[in-house]
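Feature annotations, reproduced from Swiss-Prot:
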type	residues	note
COMPBIAS	1-16	compositional bias 'Low complexity'
REGION	1-29	region 'Disordered'
DOMAIN	28-133	domain 'DUSP'
MOD_RES	LYS194	N6-acetyllysine
DOMAIN	257-889	domain 'USP'
ACT_SITE	CYS266	active site, nucleophile
REGION	593-668	region 'Disordered'
MOD_RES	SER596	phosphoserine
COMPBIAS	597-624	compositional bias 'Acidic residues'
MOD_RES	SER692	phosphoserine
ACT_SITE	HIS847	active site, proton acceptor
REGION	893-921	region 'Disordered'
COMPBIAS	898-915	compositional bias 'Low complexity'
MOD_RES	SER906	phosphoserine
Amino acid sequence: MAAVAADPAAAAVPASAEDRDTQPEAMPDLDEQWRQIGNGRERPLRAGESWFLVEKHWYKQWEVYVKGGDQDASTFPGCINNAGLFEDQISWHLRERLLEGDDYVLLPAPAWNYMVSWYGLMDGQPPIERKVIELPGIRKVEVYPLELLLVQHSDMETALTIQFSYTDSVELVLQTAREQFLVEPQEDTRLWTKNSEGSLDRLCNTQITLLDACLETGQLVIMETRNKDGTWPSAQLCGMNNIPDEDEDFQGQPGICGLTNLGNTCFMNSALQCLSNVPQLTEYFLNNRYLEELNFRNPLGMKGELAEAYADLVKQTWSGYHRSIVPNVFKNKVGHFASQFLGYQQHDSQELLSFLLDGLHEDLNRVKKKEYVELCNGAGRPDLEVAQEAWQNHKRRNDSVIVDTFHGLFKSTLVCPDCGNVSVTFDPFCYLSVPLPVCSRRVLEVFFVPMDPRRKPEQHRVVVPKKGNISDLCVALSTHTSVAPDKMIVADVFSHRFYKLYQLEDPLSGILDRDDIFVYEVTGRIEPVEGSRDDIVVPVYLRERTPSRDYNNSYYGLILFGHPLLVSVPRDRFSWEGLYNILMYRLSRYVTKPTSDEDDGDEKVDEDEDEDVEDDSSSEEEKEEMSAPTVNDGTREAEQEQAGTSSGVTERCPSLLDNSLRASQWPPRRRRKQLFTLQTVNSNGTSDRTTSPEEMQTQPYIAMDWEPDMKRRYYDEVEAEGYVKHDCVGYMLKKSPVQLKECIKLFTTVETLEKENPWYCSSCKQHQLATKKLDLWMLPEVLIIHLKRFSFSKISREKLDTLVQFPIRDLDFSEFVIKPKNESSPDLYKYDLIAVSNHYGGMRDGHYTTFACNKDSGQWHYFDDNSVSPVNENQIESKAAYVLFYQRQDVGRRQSQTSSSDTPASPVSSSTPNSDIMDIN
C-alpha cells in the first residue's frame, strides 16, 4: 500500500504540523481519534477476523500526540511506519521473536482502516495482516503463521514456501500441494514430513490440524504420487520409516540421550533433562507405577494425557537405544494444554518446569474427589500442631508422586504495622524461588561535551547508584572532568536529535545501557527566570538540504546529521546574528571559515538590495566582538543548557521570547558570507514555518541548515565525529561471587508488602502494608531452587549474571529449617546436587542446557539439545546456573542400596569431556 502523506517531501522530512492540512481524509478531533481506536482495541477476538500489527514506537508517538490535545502539536507522528518489524524491505518478512507490547500493538481491521485513512502508510510497506485463530481454550492472533516447504518426490530440489495457519488441516496442505504441482484429479497422492533427524514420517490422518500434526515452520513436506502400475515411489525411496538409520543398531547408557531442538525449544529440553534425572520420579515411570494412578476425571488435570506423554518420553530416553529423540509429541501436548507454550518462541525453563510439575501432579493425583478444606488458622496454637494440620489438609486434596517427591512446607508470618496483629500460616511449596543479592551500583557510559570548542568530546564510564538521580551522574562525572555538577546537563541523543533532556531529579533507572547519553558543560543557571540576566539555552540541530527526486530536484528536503548542540546565549546577544557568531565559534574545531577571497568572490548584491543594506562600517573592535565570543580562563561562559522532555520543554520559557530575537531578522543584513541559515524548528527538527518566534508557546529549537556544497567545502565530518577516550573507559565494575546460602538467607528475611499487594488485617479491618517473613518448616526429598536471575521493573528488564557458588555435596539446611530439631532427624537437612538447568544469554534470547548426574552410574553429563558429553564436577558451577535440583542424602542412600541389588547398568562411555564444548563462560 502506498504512503498517503500530505507533505510532498514526506520521504525526506519528518511529518510536521503543516502536513495535516492536506491529508486525504479530514481527521476527527483528537478525543474522537482516541475513542475510536481505544474502542477498537477492546474489541473481543473472533476466529477468522483480521487484525493488523503496528510498530510500538510509532503507536506510542501517536498516543503522545492525541493525549496532548493539540492537533497542531509537534508530536504529530506522521505516516504509519512499520519498518522496525521487518527483516528487510525486499521480502518484507516479519522479524523473529517480536513481542506484543514490546515491539508492536494489534489493531482490529476497522481501527487499522481509520489509522491509514488519517495518517497513511509509509510508501512501499505492506500492511501486516494476521488472522484470529481458535485454539483449545483460547483465541489468539496468529502473528507467526506456519511456513512449510512443499516438494514433490520426483523433484526434491524445487521447494515452494507456503504459509498456513496452525488450525488448518493436513487435508488443506495436500490440496494446496496438488494445485501447486498441477496434479491431475484422478491421481492418488499422499504426504510425508521430514523431521530434524532426517527420517520421514507419513501424514496418515489428513483431518487433524497442523498443530496436532506437530508440524513446524521450515519443515519439509513431500508429496508423492502413485505410479501408473499402482505402486508408490516410497517403496524405492530410502528412509521412508520412523527410525533414524543411526539408531537401528545403537546400544548405549540408559539416560544418556539428547533431545532434538524443534525450534527455540532448548528451554523445554533443559527442564526435561533435569526432571528425567530425578531418580525416584524416573523409576516411578519406568516401572509403570503411574498406570495405576492416572486420574482421567480430575477437572484440574489433563485427563492423563500429559502424564502419558511424559512417560513415553522417559521410556525412550532411558531405553538405551537412542542417541537422541525428537520430543514433538510431548511438545504438542504441552502446547495443547498450555497455550503460552504454543508455537516456537523462546520461553523460560523454570516456567515450563512449574507447569509440568503441576500438570503431572493433577494427572497423577490419587485423590479422585477433592473435599472442601477450611484454611488452617494458627489462633495462638503451637506451630507444630498448626503445621501438622496444614500438611494433612494439603494431603487430603493433593496426594501424588509429585507431592511425595517435591513438596515442602513454609511458615508465613505477617505482622500488622498499626496494631501489631500477627498472622501465622503454613503453606506448601514445590520449589524455592530465591533472590540474588543485587549490586547497588551500575556503570554508565556517557560522552562529555566541554564548552571549549578546541577540545573533543570525551567518552567516560562512571559508577552511579542504581536508584540514584541524574544529579548523581553529574557528581560522578565531576570527579573525572573537574567541572562542577551544577554546570552539567544530561541528554539522551537519538537519530541526530534530543530524545530527552533530563532534569536533575530524574531517576537514573530511566537510562538504558543502550542509550547514547551526552553530558554538556554549561554556565549560569539551568532554568533562567524571567527578568534575570542568566544566559538563554537554545537546542540546536544540524540539517542538510537534499533535492527531492519526485520534483526533478526543484524541491529540497532537509535531513538531520551530526550531533545536536545545546548553546547558551547571553541575553544581550540573543539575536540571529549573535547566535550565528556563537555557533561559528562553537563549531570552529570542525568548521572552516571562508577566506577573504571566498567572501569577495561569492558576494554579489543587487543594487536594489544595496539600498536596504546598512553600511558595514563598524570598527574592527565591533567586528571582533561580533565574530568571536569572549573566553574566560580557557572556557566560554556563554553556554548554558536547559533540560526538558523528548518533545521539548512543555512550559513557556519567557527568556526565549526576548524582544531582541523578535526584532532581529534572518539573514542578518550584512555582506559577510553565511555558511548556513538558521530557523526555528520543533523538537523533532521539523521546520515549523507557520509559527513565528513570538508565537511559540514552548521552547523553540534552532536548526542550522546547510547547502550540500557548503557542507562539503567547510564542514569536516571526520573531525566532527571525533572523540577521545578517558582513562576511566576501561573500568569494569567487579562483581563478587555470592554463596547459595546467602540467597536462601535473603529469601527468609523480613520484607514489607508492596502497595499493589496489601494484606487485610482482621484486627484493623483494613488493608495494611504488613511485614512478611517466610521460613522453611519441612523440606522435600528433592528440593528445586530457582535462582531469580531475571529482574523486572516498570521501565527496565535485566538478567543478573552474578556467579552463585553452590556445593555439589553436603548442602546443609539445618540453619534455615525452624521445625524443632527434636521432632526430626538431622539427616533430613543435607542434600546433594543431581541436576542444573543453565541459561546463557540475555533477557529476550539465549540458550538453555543441562548438567545432570546419571542415577545408575553417578557420572555427570552435559546435555545441549541432542548433544550429550560427560563432564567433571568442577565444570558444573558457572554464571549460567539457573535452576538447581538437590536430593536429600537419606533418599539417595536408600536408592543406592536398592540399585545395588538390581542388574548392573550399562557401563559409562569411555569418551572424555569435550573441553571445546564446556568452555562456555
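Note that Cβ sites are derived from N, Cα and C of the backbone, with glycine treated the same way.
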Report summary line: Rounding to whole Å, the Cα atoms of LYS194 (N6-acetyllysine) and the residue listed as 'active site, proton acceptor' are apart by 25
**Report entry** HIS847 (active site, proton acceptor) and the residue listed as 'active site, nucleophile', Cα-Cα, nearest whole angstrom
**Finding:** 6
Report summary line: Across the domain 'DUSP' (28-133), DSSP labelling yields 39 helix, 21 strand, 46 coil
Query raised in the report: CB neighbours of the residue listed as 'active site, proton acceptor' within 10 A?
Result: 18
Query raised in the report: Just counting, how many other CB atoms are there within 10 A of the CB of CYS266 (active site, nucleophile)?
Result: 24
Report task. For the residue listed as 'active site, nucleophile', just give me the three-state DSSP call. Result -> helix
Requested in this report: Quick one: give me the count of other CB atoms within 10 A of the CB of LYS194 (N6-acetyllysine).
Outcome: 17
